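Asker: There's a structure below that I have some questions on.
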C-alpha cells in the first residue's frame, strides 16, 4: 500500500500537474493563462500534459514553465529539479555554419574565367597588330622595289625622262637656226617623217606674169622701202628670220605639239597633293611615266588606251580620264598600293 501511494504521489508531482492544480485553484482557464503569457492555448495544454514539443528548444520550454509558475504563485525551485529529472536538457541542434569557402571557390572560378578572357583579348589584339605590321612592311618593300625599278629604267635610258608623246603623233623638232637658202630661194623644212612644211605665203610670194603692162621700177623700190619700214615697227618676235620669206608665218614649235597631244582624246590628267611614286604604261607596253612626283605637280599623259597605273600612295593624287574622275576610294581605304587599268567605259 505504501508503494502504491508513493507512486501516485510521484505521478502527481510532475510540473504539468502541479501547474494545472495551481491554475484551477485560482479559478483560471487555459485561455486566460495563454492570453496573460502571450502564448498559444496549445502550448499551455502541452505544458500541463508534460508534452515537450520536438521543434521547441528546451530553453524556451523552461522559460514558459517559469512564467507559468510565477503566474500561479508556485516556487520555481520546486519545479526545476523535477523538470530536470523528467526531461534532461537536450543539446540544441546547431546547424553547421556554412563557411565562406564556397563563395571563395566561386570567386576563384570567376577570376580564372576573367583571366582567360583577357588572355584571349590580348592574343587577338597581338595577332591584329602583327598582321597590320606585316602588311605595312610588305607595302613599304613593294614601294621601295618599284622605286628601284624606276631608277634602273632611268639609268638604262641615260638619265633622260620618259617622253610624254603619243605613238601616233609626229614630233616636230624646234628650228632655231635660220632656214638655208639655195640659189636665193628658201629650202623647204621637213619633219622627222620627211614631209615638207610648206606655206601659202611662199606660194603667194611668187609673182604671176599674166599682165603685159610694164612695171615701174622706181615705184616698186619705193613700195619695198615702205614695207621694210613697217616691218621695222613690228615687235622683235614678229621679225622674220634671215633667209625666210617676209610673208611666211613662224613655224610651229615643239611646245605646240606637246599641248596638242595633252589635250587630245584619251588624255590622262593627274593632280598631286603630296609626294607620290607613279608608273603609267599604255596599251602598247610603252612606259609613259615612271618616277616620283612632288606635291602640287600636274601631270598630263596621252597614249593608247587602256592605261595600266601603279600608284604608291593613292591618297596623294586625283586622276581624271577624258574629263571624268577616276575613283581611288577603295585603295585609299585599304591603305595599299593601287594597281588599276583606266580605259573607256
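Placed from the backbone N, Cα and C atoms, the Cβ positions cover glycine too.
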Asker: Name the residue range among 91-111, 112-132, 133-153 that Swiss-Prot annotates as transmembrane segment.
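Answerer: Feature transmembrane segment in Swiss-Prot: residues 112-132.
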Asker: Which range, 30-49, 50-69, does Swiss-Prot list as DNA-binding region?
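Answerer: My reading of Swiss-Prot: the DNA-binding region range is 30-49.
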Asker: Per DSSP, what is the residue tally for the domain 'HTH cro/C1-type' (19-79) in helix, strand and coil?
Answerer: 42 helix, 0 strand, 19 coil
